[in-house]
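J.: Pasting the feature list from TrEMBL:
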BINDING   A:Arg162, A:Leu163, A:Gln164, A:Asn195, A:Glu290, A:Asp365  substrate binding site
BINDING   A:Pro196, A:Gln248, A:Ser298, A:Met404  adenosylcob(III)alamin binding site
Amino acid sequence: MTSPYRYTLGNRTYNFKNLAELMAKATPKRSGDILAQVAASSSQERVVAQMKLAETPLKNFLNEALIPYEKDEITRLILDEHNKEAFSLISHMTVGDFRNWLLSDETTTDIIKSVQDGFTPEMVAAVSKIMRNQELILVAKKAKVVKSFRNTIGLDNRLSTRLQPNHPTDDVVGIAASILDGLLYANGDAVIGINPATDNISQATKLLKLMDEVIQKYEIPTQSCVLTHVTNTIEAIENKAPVDLVFQSIGGTEATNSSFGFNLNTLKEAQDAALSLNRGTVGKSVMYFETGQGSSLSANAHHNIDQQTCEARAYAVAKKFDPLLVNTVVGFIGPEYLYDGKEITRAGLEDHFCGKLLGVPMGCDICYTNHAQADQNDMDDLLTLLSVAGCNFIIGVPGADDIMLNYQSTSFHDALYARKVLGLKPAPEFEQWLEKMDIFSDMKNFILNKKMPLAFSKPLNNLLGEIA
Amino acid sequence: MSKIQDCVIKNRWDILKEFTEARIGLGRVGVNLPTNELLAFQLAHAQAQDAVHLPLDVDSLSQELNNMPIDLKLLNMQVNETGLIQDGCTPILLHSKAQNRSVYLQRPDLGRRLDEHSIKLLENFKSEDITYDLAIVIVDGLSSFAIKENAVKYIKKLTLSLANEQDSWKIAPFAIVQQGRVAIGDEVASLLNAKAVLVLIGERPGLSSPDSLGLYLTYNPKIGLTDAYRNCISNVRLDGLSYDEAVNKSMYLLKESRRLQLSGVNLKERTQDNIIENSFDEQKNFLIK
């Protein structure tokens, strides 16, 4: 039987075996798809695949599962959760029509929201493959997603940050020093989130207590998280640890998640446990997920699907559990998946776009490793683009250099740059707190106080007294 | 008009730098970094990028292992209970299928598998009657510098602890792998008939830590296992996790994995469960005092 995915250009006919192959070949070039041997073999084949993909009816995505329904619980999740009524408005469209519709002036934020449950990850991944960077930005900005726990994240003209005070040995004073640095640079409204140095439940509990005490003492309208395995957090909750958010790294195939050591039931159990603590004040979104292109390939669990489509499928997992925060750690895995600054930038914009279209509160860890062809200028570019696109949050690391995870991200300074040039404020509850604490001398113009705020100079003086 | 040096706003809390390597208290010009801090970062980045490409000095590493005192109990179960110390153990030198660094960086699949020559070498070592409790495999990874600085120092302390255990440990000949990824240890260990493998690998270099050693334990290693089957101890280096602490954690994981006959997500690291409350009281968070 010949495949319906054929395209004739001049006197040459291109045959694409199935939808998965068409999607993979239509993807903008990146090293991970070449590694997986699913990428287009030439630039022309890539564009031909995009042309064929543009002609492909959206209905095909419901009739042709990229991984069989019986074999993968993420496929089952995607198809079982699909809302046919919402889909009816766009059910006659091709991928190309879908692009036009998304870009249209008539398609507003509210309309996207009302149709959103009719999109599948594969549809949004497909349409992203035939869009330019500015289009990914424009549509993502329309598709805003707002979530709350102790503050409200994702509102218009706001940019939040995760304060990431990691330390290679989880030293309490070292972590507290980085938290202070971040707060005084007006960072930390998305979450104060630590990647612990060891995957140990007592360690996680120690760090949770540390952050909880700081948040309570200074009455900071934010939440904390220790980014440990979901099963560790469940156990920590059973041990009465002060857990605000449950973290897990997630991928877009069942096999990827098995390799991470969890399944959808585990996440449900964790969400229920966190909700039972009832620690939110303005909302009940208790989950924090991280994703990133390449994780399925890295776990040998990609089923010959391109890495960007796998990534979009991970957002279906995220969406199911009403997360407060989801971020793609875009350049973290390394050059075998995203080779250089150009590939990292494109992937960051695609991930943010796909997540937002599906209704997921997307942030981004704008980052790279030292074995990739990227530098801080590439981070500046992506930071600026994502800030324009209405990205919910970015990561704030002291000096952009994470001394525990050994990679470079964005710094507290970088977040202030983006806020300043684009007039973006932090979450409203946190904004009020910054004002109350005298962290800014001129909030309107984003000018920090030259003097150290009183509430923080006291504990610092105490510490110095002890040392002296 | 203010003078140039007045532009830089210093952070009073920069004294906290003595508690962390993190780039805190950098100060600012407006919302940006002062010039000296900007250039310090660029230099560290340049050094880390260069470190990725520095090849492992296999000869001197072999020499060090050769000169290392090791308890004979670990090598041969027949020795009497006091054990004897001998000088060294000649490591087996192996190479992945990734021929050079450029291939290595873009083809992790090749870095996870041994080349033909290495497989033959290991098959010569293998004997149906001998099984080992543990294989120790040293892999260059992304920082040969980390191996050079830390591998032998850590192995010395680990083998001492292993030799002091009541339940005997029999260790396979040491192996050194060039252009390798973590999973290559599984192939090495299964070819050696080892029940568990501990991989020592150079972690990717960070700006402040180009010398960080990672340890990965797999029980019942075989080709194709995912990370869910491994336990990791990270950041072993002078300014990171000390060798003694790393050995404590390793011994805990080794003994527990042998007892439970598994490794990975079902094997939780609980070495600090008893002491953590005390250490928390001693080590105060100055922000809440």
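In case you wondered, yes, glycine gets a Cβ from its N, Cα and C as well.
Show me how these features fit into the shown structure, please.
T.: Using a 10 Å Cβ-Cβ cutoff, A:Asp365 (substrate binding site) registers 25 neighbours.
In three-state terms derived from DSSP, A:Ser298 (adenosylcob(III)alamin binding site) belongs to a helical segment.
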J.: Are there binding-site residues in A:Leu163, A:Asn195, A:Gln248, A:Glu290, A:Met404 whose CB lies under 8 Å from a CB of chain B, and which ones?
T.: A:Met404
J.: Cα of A:Arg162 (substrate binding site) to Cα of A:Pro196 (adenosylcob(III)alamin binding site): how many Å, rounded?
T.: 15
J.: How far apart, in Å, are the two Cα atoms that lie farthest from each other among A:Pro196, A:Gln248, A:Ser298, A:Met404, the residues recorded as binding adenosylcob(III)alamin?
T.: 22
J.: Just to verify a number: CA distance, A:Asp365 (substrate binding site) to A:Ser298 (adenosylcob(III)alamin binding site), in angstrom, no decimals.
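T.: Pair distance, Cα basis, whole Å: 19 Å.
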J.: Which one is closest to A:Gln248 (adenosylcob(III)alamin binding site) in space, judged by CA to CA distance, out of the binding-site residues A:Leu163, A:Asn195, A:Glu290?
T.: A:Glu290
J.: Restricting to the same chain and to sequence separations of six or more, state which residues have a Cβ under 8 Å from that of A:Gln164 (substrate binding site).
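T.: Same-chain residues close to A:Gln164 (substrate binding site) (Cβ under 8 Å, separated by 6 or more) are A:Gly182, A:Gly193, A:Ile194, A:Asn195, A:Ile395, A:Gly396, A:Val397, A:Asp402, A:Ser409.
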J.: Please report the number of other Cβ atoms within 10 Å of the Cβ of A:Asn195 (substrate binding site).
T.: 19
